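Participant: Below is the structure I would like to discuss, written out as structure tokens.
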Amino acid sequence: NWSGSLIVASLTGAFGSSFLYGYNLSVVNAPAVYIKKFYNETWERRYGFSVDESTLTLLWSITVSIFAIGGLVGAIIVTPIVKFFGRKCTLLLNNVFAVTAALLMSLSLLAGSFEMLILGRIIMGVDAGISLSALPMYLSEISPKEIRGSLGQVTAIFICIGVFTGQVLGLPEIFGQESRWPYLFGAIIVPSLIQAMILPFLPESPRYLLLEKHNTSKAEKAFQTFLGKDDVSQEVEEVLAESRVQRNTKLVLILQLLRTRAVRWQVITVVVTMGCYQLCGLNAIWYYTNNIFSEAGINHETIPYVTLSTGAVETLAAVFSGLVIERLGRRPLLIGGFGLMIVFFAVLTVSLTLQKTVHWLPYLSIFCILAIIASFCIGPGGIPFVLTGEFFQQSQRPAAFMIAGTVNWLSNFAVGLLFPFIQSGLQTYCFLVFAGICFAGATYLFFVLPETKNKTFHEISQAFAKRNKVSLEMQETNHYPGERKSSAEQESNFASSVDNGETKKGIV
């Protein structure tokens, strides 16, 4: 089932998209001291005096957190872009944001303008917001249902690889020096250019071509390329069956999706999983990592190298999840991941609270950190993106990813804003808050989430029909007021699309 074109499309798409998201999460950590010094020197050169500590802290906080604001903007604008340009072309056009951001950030030191670095961060956030919706959408639509979960996990795997790469390039021997930190941001251009050179030679999503562009001949060729076989009549017929159900509906808007009873629990489940994805406490773990390694007696100069173990564990766990997701299913990995995080958060709270009384407890804290990261990447780290692509039909998918992206980035911003206050008030007990969020998420998913492994989009939709309290017929048609045509007009339109030469014999 893994054709060469499918592998190239997934790797190229992820390298120029989710890889850059992960890379930009970690890339600011290593050069933080040098960037703050650059801010201070720029301020002093402009105004004749050094910047005060509170203003410097504010500037740095803005530099880090504005990435999430850009991501929110990208998530909001992605729906009309993927509708008009398509999934593949959206990923290609998104490279304009990445290259622009890379140039601004890498040239900020040379230009003596910290505003360029901040502007570059927000533009890079827009790139991430678009890619984290467009990429899972593209991967879910080009893959056979038998490997849809594994292919979807490529997004999470490359996020982890991006984080790890940012840690490696930030080492003092590479770009983690005062004179070299702009190269860390200039490196963003490389994945973007690679994607821009390879992706044009790959087809657009066949489901997009067939259901939204009504171009059956191109869709058939795209299926043949991605599936690596000549006879794709069964795959085309599956999509055409969906087309016959949905041909009376236009692209669904967000408010329409929220008001539609037939997908109510799908939307709620996406909101819960995406919210827990950001609020489960992994960002807090990164905040504590250096402090815990220091408490364990690790030399300050050695900590950056030891921190690489967190990135390595993250990547290995994500790869493991991709290998077993089609055997174990989405549901066990997602619920099990949150369950393991609860256990290790509880142990970490105890070890941090008592670590000054028992000499070996700091090493237990290190183990808990690595275990929490691995538990997150096994399930919660990538499966929410897979589920968002699986829960909704073609006309609903862009709006669904826009909702998922909005929740994702708002939750990301909320963690960055509120965690310092939570940590200040609760100290080491702050991890119990995240354990509670993981427990709430796991409980909800245990009672609500059906298994979607190896199921068609139609079968997944039917699995929610009873919970949504709609008949299977209504679940299939998903009525939207004011958008239905008469039955005669629908049949006429569909017949004309078959007779105009785009649909070949033997397919319908």
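Just so you know, glycine gets a Cβ as well, placed from its N, Cα and C.
Dumping what TrEMBL says about this protein:
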DOMAIN    10-453  domain 'Major facilitator superfamily (MFS) profile'
TRANSMEM  58-79  transmembrane segment
TRANSMEM  91-112  transmembrane segment
TRANSMEM  118-139  transmembrane segment
TRANSMEM  151-169  transmembrane segment
TRANSMEM  181-202  transmembrane segment
TRANSMEM  267-288  transmembrane segment
TRANSMEM  303-325  transmembrane segment
TRANSMEM  332-354  transmembrane segment
TRANSMEM  360-387  transmembrane segment
TRANSMEM  399-420  transmembrane segment
TRANSMEM  426-449  transmembrane segment
REGION    476-508  region 'Disordered'
COMPBIAS  489-500  compositional bias 'Polar residues'
Participant: With the transmembrane segment (360-387) as the reference, find which of 58-79, 91-112, 118-139 contributes the most Cβ pairs under 8 Å.
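Facilitator: When the Cβ pairs under 8 Å are tallied, 118-139 comes out ahead.
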Participant: Can you give me the average pLDDT across the domain 'Major facilitator superfamily (MFS) profile' (10-453), rounded to a whole number?
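Facilitator: Here the mean pLDDT over the domain 'Major facilitator superfamily (MFS) profile' (10-453) amounts to 88.
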Participant: Restricting to the same chain and to residues at least six past its boundaries, which positions have a Cβ under 8 Å from a Cβ of the transmembrane segment (91-112)?
Facilitator: 13, 16-17, 20, 38, 42, 45, 74, 81, 85, 119-121, 123-124, 126-127, 130-131, 134-135, 138, 181-183, 185-189, 191-193, 195-196, 199-200
Participant: What same-chain residues lie close to the transmembrane segment (118-139): Cβ under 8 Å, and 6 or more beyond its ends?
Facilitator: 9-10, 13-14, 16-18, 20-21, 24, 59, 62-64, 66-78, 81-82, 87-88, 90-91, 94, 97-98, 100-105, 108, 151-152, 154-155, 185, 188, 205, 385-386, 388-389, 397-398, 401-402, 404-405, 408-409
Participant: So if I exclude everything within five residues of the ends of the transmembrane segment (332-354), which remaining residues of that chain have a CB under 8 angstroms from its CBs? That is, six or more out.
Facilitator: 273, 276, 280-281, 288, 292, 321, 324-325, 361-362, 364-365, 368-369, 371-372, 375-381, 383-384, 428-429, 431-432, 434-435, 438-439, 441-442, 445-446, 449
Participant: I need to check the long-range neighbours of the transmembrane segment (426-449): which residues 6 or more away from its ends have a CB within less than 8 Å of a CB in the stretch?
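Facilitator: For the transmembrane segment (426-449), the far contacts come to 265, 268-269, 272-273, 275-276, 279-281, 284, 330-331, 334-335, 338-339, 341-342, 345-346, 348-349, 352-353, 380, 387, 419, 467.
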